[in-house]
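Worksheet for the structure shown next.
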Amino acid sequence: MQEGKISQIIGPVVDVDFPEGQLPSILDALYIVRPDGSRLVLETQQHLGEERVRTVAMESTDGLVRGLSVVNTGKSIQVPVGSEVLGRMLNVVGEPIDGKGAVNTKKTYSIHRSAPKFEDLSTKAEMFETGIKVIDLLEPYSRGGKTGLFGGAGVGKTVLIMELINNIAKQQSGFSVFAGVGERTREGNDLYHEMMESGVIEKTALVFGQMNEPPGARQRVALTGLSIAEYFRDEENRDVLLFIDNIFRFTQAGSEVSALLGRMPSAVGYQPTLATEMGELQDRITSTKNGSVTSVQAIYVPADDLTDPAPATAFAHLDATTVLSRSIAELGIYPAVDPLDSTSRILDPNIVGDDHYNTAQAVKQILQRYKDLQDIIAILGMDELSDEDKLVVSRARKVQRFLSQPFFVAEAFTGLAGKYVKLEETIKGFKEIIAGKHDNLPENAFYLVGTIEEAVEKAKTL
């Protein structure tokens with residue numbers, strides 16, 4: 001083991017001097033044993049001359065002093081992988097943070113791994129049912145694909161992710177890995193306790209590097225979660241789900257570290273390596289011929305500006321986008337998915353079939369027509385519309401309300417039982433509304449229900 005000494009500390013960045021000829025390699029993990037016996041992990045980022053390296057700390061550097069001894073492990077950060085991590089909560093370096101003792105796995109993986117080889121990739125396109133009407137109908141997720149949940153602050157990204165974890169664990173009994181990247185610790189705590197209550201925790205591994213942690217941890221924790229998911233894909237040939245909340249914080253942490261590492265900032269103050277860092281992470285999230293990693297990533301949009309470099313870079317990697325809209329949330333329609341702004345690569349008649357494709361296009365068409373008529377309604381009122389347009393508006397408002405749905409994870413807030421709606425039920429419901437089969441029902445009957453039969457039942461009580 002090579003030993004060095006701390007020469008300078010600037011916030012989360014620590015410079016370490018090593019004897020000549022013993023410099024650690026880039027991305028090697030170093031560790032310091034603090035006076036209280038705890039270990040602090042550093043990751044080598046730059047070589048400054050022949051004897052000094054610049055590193056980024058994975059935990060707070062409070063209490064470190066110059067001259068402390070630093071040990072080079074000779075390899076990158078290694079995290080435990082395998083079925084033993086299911087039901088556990090880990091930090092960025094793979095240490096348990098749930099107070100349930102050590103995680104004893106037979107294997108460890110480096111958090112920095114190569115993307116699968118080109119010939120190993122699978123190109124099969126198939127839909128992945130989530131049980132959430134608006135997603136399954138209008139922007140279907142693909143198995144082994146990447147989906148982005150875009151939204152500003154407080155429109156429901158985390159609730160939607162929690163619902164997806166719940167539905168997938170219960171309906172499809174798949175394994176999930178959740179990486180909490182730079183989000184609120186309270187939300188992570190809520191998620192953990194809700195998972196324990198619902199029993200979903202047994203099929204999920206949780207990895208957290210939250211807002212209160214230094215940028216090194218927030219920049220690397222998504223990679224930790226990804227390595228755990230890759231093990232299930234490559235060694236156990238499973239289809240795994242990887243949830244990242246929030247991918248924007250991954251970029252944000254990179255930009256915090258970048259200036260301290262002496263790099264020139266690029267557009268809007270982001271790091272010049274933004275596209276490379278994002279590419280290295282996203283390229284590993286893929287399907288091979290053995291198994292798949294399907295990822296759902298929440299993407300915070302700063303100031304609701306989709307052209308900001310961070311969300312814009314993430315866009316390029318996605319197969320489907322679910323855009324959450326504040327204007328829809330203000331109508332009380334949850335999930336607040338914007339049906340006209342959200343897209344999916346696999347909404348194609350060759351993949352999902354003609355029936356699904358045509359219904360989705362009809363829904364989008366009627367909602368777009370309603371949107372076009374809204375200016376006229378605002379100025380002249382409903383009475384000035386032709387009979388045909390009045391019918392379009394009436395059906396569009398029913399469609400809009402039918403796109404809402406009660407969630408299992410929100411039962412405590414809504415007082416309504418959660419609903420999982422199968423794809424054929426979803427298609428059937430929207431086809432009937434558009435065909436005018438339910439023109440006589442009040443629009444409130446369609447709000448926060450599951451299937452069309454429930455809407456008909458609800459109408460009887462109104």
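Backbone N, Cα and C atoms are what each Cβ position is placed from, and that goes for glycine too.
The number of other CB atoms found within 10 A of the CB of Gly151 (ATP binding site), across every protein chain shown, is 25. Taken from Swiss-Prot, the feature ATP binding site applies to Gly151, Gly152, Ala153, Gly154, Val155, Gly156, Lys157, Thr158.
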Shell list (ATP; ref centroid = CB of Gly151, Gly152, Ala153, Gly154, Val155, Gly156, Lys157, Thr158; cutoff 8 A): Tyr300, Leu324, Ala329
In three-state DSSP terms, the structure that Gly151 (ATP binding site) belongs to: strand
Cβ neighbour count (within 10 Å, all chains shown) around Gly156 (ATP binding site): 21
For Gly156 (ATP binding site): DSSP state (helix, strand, coil): coil
Entry from the binding-site residues list Ala153, Val155 having the most other CB atoms no farther than 10 A: Val155
